[in-house]
Amino acid sequence: MELPGDGVHLASYGPRAPQLAVNGKAPAGGLDGSGYYQCYRDGSSVASRGSDAPTGYDTVDAPPHYDFYANTEVWGRRRRVRPSLYQLSVDPEQDDFKPPMYEETAGERMGGGDSSEEEEEEHKEPPPEPPRFGWVQGVMIRCMLNIWGVILYLRLPWITAQAGIGLTWVIILLSSFITGITGLSTSAIATNGKVKGGGTYFLISRSLGPELGGSIGLIFAFANAVAVAMHTVGFAETVTDLMRENGVVMVDPINDIRIVGVITVTCLLGISMAGMEWESKAQVLFFLVIMVSFVNYIVGTIIPASPQKQAKGFFSYKAEIFAANFVPGWRGKEGSFFGMFSIFFPSATGILAGANISGDLKDPTVAIPRGTLMAIFWTTISYLIISATIGACVVRDASGELNDTLSYSSSSENCSGLACQYRWDFSECIKNNTCKHGIMNYYQSMSLVSAFAPLISAGIFGATLSSALACLVSAPKVFQCLCKDQLYPLIGFFGKGYGKNAEPLRAYLLTYVIAVCFVLIAELNTIAPIISNFFLCSYALINFSCFHASVTNSPGWRPSFRFYSKWLSLLGAVCCVVIMFLLTWWAALIAFGVVFFLLGYTLYKKPAVNWGSSVQASSYSMALNQCVGLNQVEDHVKNYRPQCLVLTGPPCCRPALVDLVGCLTKRLSLMMCGHVVTAGPSPVSERHVTWLNQRKVRSFYRGVVAADLRSGVNMLLQGAGLGRIKPNVLLMGFKKDWGCDSPQAAHHYIGILHDAFDLHYGVCVLRVKEGLDASHPPQCHVNPGFDGGPESINTVCAPACVQTSVTSSVSMDPDPQPSSVFQKKQGKKTIDIYWLSDDGGLTLLLPYLLTRRKRWAGCKVRVFVGGDTDKKEEQKEEVLALIKKFRLGFHDVEVLPDIHQPPQPGNVDHFEDSVNRFRLETNPKQDSDSGPQQQQQEEPWMITEQDLERNRAKSLRQIRLNEVLQVHSREAALIVITMPVGRRGVCPSTLFLAWLDVLSRDLRPPVLLVRGNQENVLTFYCQ
């Protein structure tokens, strides 16, 4: 057995492959008579019996196998699955518990299924194999036929007359240089992995990504559809010329071309819709006809010219004719080098005809390079030979009249032109510009030169029809792949396939309509330049794709075709762009305009595809280089940015915290959502990233496994980030349930704050009256001890949401998006800043960053500071002057002289009641060894009378501040206040937490407690 298109032989495989253990439970296994590697229920295997495994020991470990890397399955057998690390490292009979951060692999998710259904599928007949082509029939012949188009027979002699043999060779070689480089780049891209259907679009999109790939795919499909019209018009021109020679005219020359063209395109549509097998047979027939016409032409150049042919300008090989035709003879509005190049270049654009049917090739990675390069070589040789031979045999101008001969007795003094040397006088038609023959005037010059003219007509028919047919097949194939990727709206309808080969019949009809529209132009010299820029644009992108993939140094760029150069590819891309503007600058602008429009649309929509493109590799490379470069830059206060580590747990459980920090850091600095797992399974990390992306929050997600919350957060504080791009501010939710939760949880919570201070972090604590937990959160596990609510530290976010395994039937749709107070526009409210202690300026900087966002732009910022009644105005002016130097734009400053007054007794009693649970009572009968100090060492969260007395002033200050907040900021949108700091060893953790609680209690607006790391984050200096 052989897998289609990959060349991997599976002769040693049996009809049925085993299934490895899934979720620790292995299916029944053993040797099924085929001698294969099997897994058993006990997790063991028989790799040593009848297996290809390079070991003699029983093991679940599997030897290297093709199935482990393939994305597709072979009909008639189940695909093998590589064992996971969990299956290798855990005995499922002894230990069914998965590690907390365990995530099932794709292979394990595939492992389930009904065995009866699988056996039934195995007995079904395999689907019929569609026809596949090798490199000769599938690529080389197809490319040669597409290159040998209408230009070869009908315009190459005319181009030779205009540009001369010398410049015609330059045009041919320049075109071949561009197509040759593009062929090398195409070969490199096509051999960098298994190629599927879609041709040029597939190659570019999988290399550069959907943004550029989609735009070029659409343009290339359109260019091929227009090329159908170009080749069809060439065929119709020949038919109408033959009709006129025989006195047959339907309407007039232009309308005759239109009628014949539409009929021809309709017939070609029928052949193409019959299937690739019939189309390929037709191409082989056309190829044989063209080869016969070439032989007929070469023989004709050798045969001596008859008087009838001499009258039309053919004199066989003459050195004088070669010399005269070697130099240019520009005529008409198209008479220029780039005018001729624009007309000739479409004849060289057929090099991608083979790549465009990559899905119909036996082995695209072999067929595309070999067939494409051979086609370029042989067609270039044929173009050079024909231009040289036609230029050496036929003069530029001839009348076609037998009466224009010169008798041997007559004088040739009044005769002008090269034909005078051969006793022919075409002077009159040359002077009057009425010559109808010669390579400058007669498009059918190759028929004139040939030994048998009808064979050249047959060659023209074969070349034009084969090229038109190839383009008629290429355009729908490319467009079908583009439709299946769903990058653009309203085009999916055309991607549906029919039959065993999934023929895109709807796309065929669309191509037919486009071709007919351009056939109605009925002017070959008008159609050819239109598509030149589109093909050049495609070639530029192919060359740039190869260069970009090479220059990023991605380990995934490993083309088996080695004969390419990244710098040569870059040169090819630049040449294509330059030539686009030299040919038709306005058409080049239109082409680039269309590309950039489609590029912008794709960037805006952000299609959910991941193809491992070189753009992704380049993004990584650039980010890595920038990160390394930042290590050489010293920190400066002017460049300070709050880079936030947000203890959200699963981000979907605390949307308010995510929204507030996301608003602070969006397009400004780093945001990282931290998640500590202490018990139970963790949700898949990709799910959280998807949720963040759908909420349009620019944040990273980082989950760690730890024995407890504090050690996990410590891991995040020390290990999060990269180089200088690492968090410097810790944000977390307030622990509302500290009074009813275990005292150890409160101690760990405050310990996290101290750990952050020790690591030089700024710290922010957010308290929202409604709590930070979403009302109906999706599946998630809460980090113990973060957030308010009567729940215990090990509860889940909501009883209706329990995390399940990925292998269950639960839908993997993205989590719902709960709303939060920070998602709404805040209107004309106020942001109240209580700048009571100087922490370096972080308390001022965060509200300033908020006011730069649209949601908060309408809010007025008020700054409250402490002061004395008798110096109130002086202190206000001092603070205003300082804030003005910071250039923050805050103009409303209020001095609060009453914050030093004693609080109300009722509030003091309420505070004491909140800490009574944690107080140590002094017993006079206790031994000194077991006194409060000894008990506090064992339980450091407990509060002694000495602690209360020592910290009484600070406690009363927090109670009084809450009363001030109730008076001044009841209607604010947000309150930002400097966080008090309790000294370790002096202020017990529960007392510190009680301060934070009483300071922010019973406030309707959200409260953000902020404490910087006591270093400047604001400066009024310019250096």
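Indices start at 1 and increase along the chain as displayed.
Placed from the backbone N, Cα and C atoms, the Cβ positions cover glycine too.
Annotated Na(+) binding site per Swiss-Prot: L145, W148, A463, S466, S467, in sequence order, evidence recorded as similarity to another entry. The C-beta environment of A463 (Na(+) binding site), restricted to residues of the same chain at least 6 apart in sequence and closer than 8 Å, consists of L145, W148, G149, V150, L152, Y153, F286, I290.
DSSP assigns I351 (chloride binding site) to a helix in the three-state reduction. Long-range Cβ neighbours of I351 (chloride binding site) (same chain, at least 6 residues apart, Cβ-Cβ under 8 Å): C143, N146, I147, T179, T182, G183, T186, T372, A375, I376. If you look up Swiss-Prot, you'll see G350, I351, L352, Y539 marked as chloride binding site, on the strength of similarity to another entry.
In three-state terms derived from DSSP, N403 (N-linked glycosylation site) belongs to a helical segment. Every protein chain considered, the tally of other Cβ atoms within 10 Å of the Cβ of N403 (N-linked glycosylation site) stands at 7. As annotated by Swiss-Prot, N-linked glycosylation site applies to N403 (among others), with the evidence given as sequence analysis.
Around N414 (N-linked glycosylation site), the C-beta neighbours below 8 angstroms that are at least 6 residues distant in the chain are S427. As annotated by Swiss-Prot, N-linked glycosylation site applies to N414 (among others).
Feature annotation from Swiss-Prot assigns N-linked glycosylation site to N432 (among others). Around N432 (N-linked glycosylation site), there are no C-beta neighbours below 8 angstroms that are at least 6 residues distant in the chain.
Break the region 'Scissor helix' (614-629) down by DSSP state and the numbers are 16 helix, 0 strand, 0 coil. Swiss-Prot lists 614-629 with the feature region 'Scissor helix', giving similarity to another entry as the kind of evidence.
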Suppose the Na(+) site is L145, W148, A463, S466, S467. Which further residues of the same chain have a Cβ inside 8 angstroms of that site's Cβ centroid?
M144, N146, I147, G149, L152, H231, F286, F287, I290, G350, G462, T464, L465, A470
Using the structure shown, find which entry in L145, L352 (the binding-site residues) has the sparsest Cβ neighbourhood within 10 Å.
L145
Are there any residues in the same chain, six or more apart in sequence, whose C-beta is under 8 angstroms from the C-beta of G350 (chloride binding site), and if so which?
C143, M144, L145, N146, I147, W148, G149, A375, S467, A470
Which of the recorded positions L352, N403, Y539 has its Cα nearest to the Cα of S466 (Na(+) binding site)?
L352
Between 0 and 100, where does the mean pLDDT of the region 'Scissor helix' (614-629) sit?
80
Cβ-centroid neighbours of chloride site G350, I351, L352, Y539, 8 Å, sequence order:
C143, N146, T179, T182, G183, T186, T200, A348, T349, A353, A355, T372, F535, S538
List the Cα distance (Å, whole number) between N403 (N-linked glycosylation site) and L352 (chloride binding site).
50
Just checking a number: largest C-alpha distance across G350, I351, L352, Y539 for the chloride site, rounded to a whole Å.
11
Distant-in-sequence Cβ neighbours of Y539 (chloride binding site), under 8 Å, six or more positions away:
I178, T179, T182, G572, A573, C576
Look up S467 (Na(+) binding site) in the DSSP assignment and report helix, strand or coil.
helix
